[in-house]
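Pulled from Swiss-Prot:
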- 99-161: coiled coil (COILED)
- 124-142: compositional bias 'Basic residues' (COMPBIAS)
- 143-173: compositional bias 'Basic and acidic residues' (COMPBIAS)
- 1-27: region 'Disordered' (REGION)
- 50-142: region 'Required for RNA-binding' (REGION)
- 115-173: region 'Disordered' (REGION)
- 125-137: region 'Required for nuclear localization' (REGION)
Amino acid sequence: MAAETGTAKPARAKKEPQPLVIPKNATDEQRLRLERLMRNPDKLAAIPERPKEWSPRSAPEFVRDVMGSSAGAGSGEFHVYRHLRRREYQRQEFLDRVSEKHNLDDDFQRKLMENKKLEEEKTAKRRLKRQKLKEKKKMAKMAKKEEKKEEIEKHVELDNSPESSDKSDLEDQ
């Protein structure tokens with residue numbers, strides 16, 4: 001009937017059936033995700049934000065009623081005291097962990113700098129050694145060239161000497 005009235009809906013484009021692929025390892029899984037993303041490059045990829053690190057509530061600046069665990073406190077007060085104490089212990093433990101992490105990071109950075117300095121020293125030492133060897137080879141090459149040049153000059157002198165010309169004159173006769 002819809003065809004008769006002229007208000008027919010256009011046919012929806014069917015999606016191509018995708019073969020079922022089960023990733024065997026992490027690289028296959030990554031490849032499949034990338035292929036899926038690249039099918040429609042205009043669509044924005046969802047990048048999850050990093051979860052915030054847990055931190056305890058800050059300690060109150062002013063506590064109006066300071067309670068203790070003494071025998072004079074009522075039973076309701078003890079629970080309040082216990083919760084406050086637990087929160088304070090959590091806060092102190094958190095601060096200790098942050099401090100420890102900071103110390104470890106500083107030690108790591110210091111160690112990295114020491115290693116980098118040692119590597120640079122080794123590299124400089126090796127570079128100097130290479131340069132010395134290169135210079136030594138260059139000097140040997142120059143000495144060999146000079147020696148060859150002197151030898152050629154010696155031969156030229158012998159050829160131009162009067163004794164050699166006398167010998168050649170004798171040979172001509």
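Cβ from N, Cα, C; glycine included.
Secondary structure of the region 'Required for RNA-binding' (50-142) per DSSP, as helix, strand and coil residue counts: 68 helix, 0 strand, 25 coil. Mean pLDDT, taken over the region 'Required for RNA-binding' (50-142), works out to 88 on the 0 to 100 scale.
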